[in-house]
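Now, the feature entries from Swiss-Prot:
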type: TRANSMEM; residues: 3-23; note: transmembrane segment
type: TOPO_DOM; residues: 24-329; note: topological domain 'Lumenal'
type: REGION; residues: 45-87; note: region 'Disordered'
type: COMPBIAS; residues: 66-81; note: compositional bias 'Basic and acidic residues'
type: CARBOHYD; residues: Asn71; note: N-linked glycosylation site
type: BINDING; residues: Asp193; note: Mn(2+) binding site
type: SITE; residues: Glu224; note: site 'Interaction with galactose moiety of substrate glycoprotein'
type: REGION; residues: 240-249; note: region 'Interaction with galactose moiety of substrate glycoprotein'
type: ACT_SITE; residues: Glu279; note: active site, proton donor/acceptor
type: CARBOHYD; residues: Asn298; note: N-linked glycosylation site
type: SITE; residues: Asn316; note: site 'Interaction with galactose moiety of substrate glycoprotein'
Amino acid sequence: MKSALFSRFFILLPWILIVIIMLDVDTRRPAPPLTPRPYFSPYAVGRGGARLPPRRGGPDSGPGRGWEKRNESRPHARPRPEPPLPTIYAITPTYSRPVQKAELTRLANTFRQVAQLHWILVEDAAARSELVSRFLARAGLPSTHLHVPTPRRYKRPGLPRATEQRNAGLAWLRQRHQHQRAQPGVLFFADDDNTYSLELFQEMRTTRKVSVWPVGLVGGRRYERPLVENGKVVGWYTGWRADRPFAIDMAGFAVSLQVILSNPKAVFKRRGSQPGMQESDFLKQITTVEELEPKANNCTKVLVWHTRTEKVNLANEPKYRLDTVKIEV
């Protein structure tokens, strides 16, 4: 009996071993990744956990589709074009002297950093000088070169200076805009011996009619300025004749171009004008004190200085035996 069992066992043993080996090999093979089947709920969760019903109708709806937000593109409105930047017209009287080119160079270096500025340079001469012509050609600035001589009788000490030159600049502006619609612009008188902060040009560009601000190193004081209360000019802090209608320096105001064009007879006067009264005589023709627009933080910041170049000492300049090279200074 036992021998029969052992014989059957040994007959089945190889087959059992083969089955075990096959099962072991099959279990060692990497199982394919399980791909979860998508589940579409008939309800979608909205903000705050609220359950939203499915969308019905429309090309994107269908059985098994949940609610989804469509990001439909809408045409954007075109931005409005920015208004043109007002042009600043700077009228600069100048005359021949040893420091002329140095003064103009300093001024040009400032103007070159100001956007939309047109320089009107007016020589006190019967003709344009080669020095100024060459200088403007290399200055890299939009400019106009004018000339008009001061009559000999008005060159005496104590009389107003640069009257004819400023009037020539005003006449050029009016003639240029006579037959065309004037673009926004601002005019100011920039003497070639002044020093300007770039912030001043930002302030004056928003001038509606006539704007004013302090001036440093003028009138025998560290500064002069309009006195302002509640945004209005009520007086003048000045070291000379505070009774003037406009006790202000030529470097202390700017005028809208439209005001200049609307007052074609407004000029600087020779007859009847007293020394130091040119600013008042001019401004009386175009505005009143009540209409003045204070700039520079209600006229509490100095952004322009009435600097003066020291008189040059040329005592050692030779009259004979000159340099063999002619150099422009």
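Cβ from N, Cα, C; glycine included.
Sequence features, as recorded in Swiss-Prot, placed on the structure.
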| residue | record | DSSP class |
| --- | --- | --- |
| Asp193 | Mn(2+) binding site | coil |
| Glu224 | site 'Interaction with galactose moiety of substrate glycoprotein' | strand |
| Glu279 | active site, proton donor/acceptor | helix |
| Asn298 | N-linked glycosylation site | helix |
| Asn316 | site 'Interaction with galactose moiety of substrate glycoprotein' | coil |
Same-chain residues at least 6 beyond the ends of the region 'Interaction with galactose moiety of substrate glycoprotein' (240-249) whose Cβ lies under 8 Å from its Cβ atoms: 212, 215, 218-220, 224, 226, 276-277, 279-280, 283-284, 289, 306
Those residues of the chain, 6+ apart, with a Cβ under 8 Å from that of Asp193 (Mn(2+) binding site): Glu103, His306, Thr307, Arg308, Thr309
Under 8 Å by Cβ from Asn298 (N-linked glycosylation site), same chain, sequence gap 6 or more: Val228, Gly231
The residue listed as 'active site, proton donor/acceptor' CB neighbourhood, other CB atoms within 10 A: 21
In the chain carrying Glu224 (site 'Interaction with galactose moiety of substrate glycoprotein'), residues 6 or more apart in sequence that have Cβ under 8 angstroms from it: Pro214, Val215, Val218, Trp236, Tyr237, Thr238, Gly239, Ala247, Ile248, Asp249, Gly252
Protein Cβ atoms within 10 Å of Asn316 (site 'Interaction with galactose moiety of substrate glycoprotein'), excluding its own: 5
Residue pair Asn316 (site 'Interaction with galactose moiety of substrate glycoprotein'), Glu279 (active site, proton donor/acceptor) - Cα distance, angstrom, rounded: 40
Secondary structure tally of the region 'Interaction with galactose moiety of substrate glycoprotein' (240-249) (DSSP, helix then strand then coil): 0 helix, 0 strand, 10 coil
Rounded mean pLDDT for the residues that make up the topological domain 'Lumenal' (24-329): 86
